[in-house]
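The structure appears right after this line, and notes come after that.
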Amino acid sequence: QGRILEKTGLCSQITFGRYVRQGRKLGLDPKLFIQDLQFNEVPVRVYQPKATSDGRRRGILFFHGGGWVFGSLDTYEKVCRYLSKESDSVVVSVQYRLAPEHKYPAAYEDCLNATQYFLQNLELYGVDPARVTVCGDSAGGNLAAAVSQTLAGRSDLPKLRAQILLYPGLQALDFNLPSYQQNRGVPLLFRERAAFFALLYLNGDALHMQEVLEGSHIPPDMRLKYRKWVSPDNIPEKFKVRGVRPLRPTDFIAEVYETVKRFCEPNLCPLLAEDSVVHQLPESFILTCEYDVLRDDGLLYKKRLEDNGVRVTWYHLEDGFHGIISLFDYCGFSFPSGKRGLDSVVNFLKSL
């Protein structure tokens with residue numbers, strides 16, 4: 001497989017992409033105690049406010065974005081420092097293994113293992129067991145949603161207080177939802193890229209990308225089964241006014257389905273979890289951006305959570321695009337709407 005990747009120039013593409021996104025090592029922070037540790041053999045970076053606290057602090061597990069392929073502890077250093085200081089929380093940033101070298105479920109398992117370890121050792125970090133939240137953006141939002149679902153039924157660990165999902169990717173059934181059509185060429189995430197990353201995470205290669213984009217990878221009976229959850233009908237009309245057209249269904253190709261059938265597993269596509277799981281989920285915060293192919297994943301999950309009696313705080317950036325939070329104070333850039341998005345997360349955390 002490595003050879004296939006090299007032949008397509010993929011390895012060098014990914015190496016370059018990782019280099020560009022690696023982030024700079026930052027100096028010490030006078031207000032934070034920061035240490036690199038391992039939780040269940042998963043590398044993590046822990047941010048603890050130095051100020052004395054009246055009681056135990058809230059804890060946040062942070063899973064970074066980057067299509068399961070890019071991103072590191074350094075890439076999200078500024079975001080995590082900001083969250084820790086502004087919300088007076090202990091933040092644990094998780095360095096899960098990346099695709100294509102490590103395929104699904106490696107990233108999910110790393111995030112789950114680190115979360116379980118933290119939940120079992122909260123007193124070491126002065127964290128209140130009743131106020132632990134999972135948080136992630138993009139692919140990290142996918143991982144946070146999957147971890148949250150897995151832990152929902154567990155009685156042997158403290159229950160998560162909330163989940164914070166920032167423009168999460170939650171399904172790989174339909175790459176032609178309205179937001180995929182409207183924003184197909186909008187940076188930082190093109191429609192083709194979304195399918196490409198999902199396939200790299202699942203299989204370590206991007207074979208059959210075209211069929212997946214067209215929708216030939218899901219059997220008609222399954223498409224019908226999931227239609228109650230993954231359908232433009234569940235998206236408010238106001239999001240469908242610009243450039244959306246109904247598409248002719250494409251023919252199903254069984255051999256493609258054979259290679260991607262795990263797309264129907266909720267640990268990979270959390271939007272497909274059964275109601276019995278969804279109704280046990282903690283209070284949720286979902287951030288969506290108007291100019292983002294993944295916007296509708298967030299809107300569809302918001303509806304599912306609300307239909308199952310879960311309290312949802314929804315924050316929509318009308319002028320936002322995919323990845324805007326990761327650009328917070330990035331190389332001297334800053335987008336006002338990215339800061340607004342991050343501050344909405346801080347406000348939500350303070351309300352818990």
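Keep in mind that glycine also has a Cβ here, set from the backbone N, Cα and C atoms.
TrEMBL does not curate its annotations; it predicts them automatically.
What TrEMBL records for 60-207, 251-325 is domain 'Alpha/beta hydrolase fold-3'. Here TrEMBL flags Ser138, Asp292, His322 as active site.
For His322 (active site), the number of other Cβ atoms no farther than 10 Å from its own Cβ, over all displayed protein chains, is 28. When the alpha carbons of Asp292 (active site) and Ser138 (active site) are compared, the span between them is 11 angstrom.
Rounded to a whole number, the distance between the Cα atoms of Ser138 (active site) and His322 (active site) is 8 Å. Over all protein chains present, the Cβ of Asp292 (active site) has 26 other Cβ atoms lying within 10 Å.
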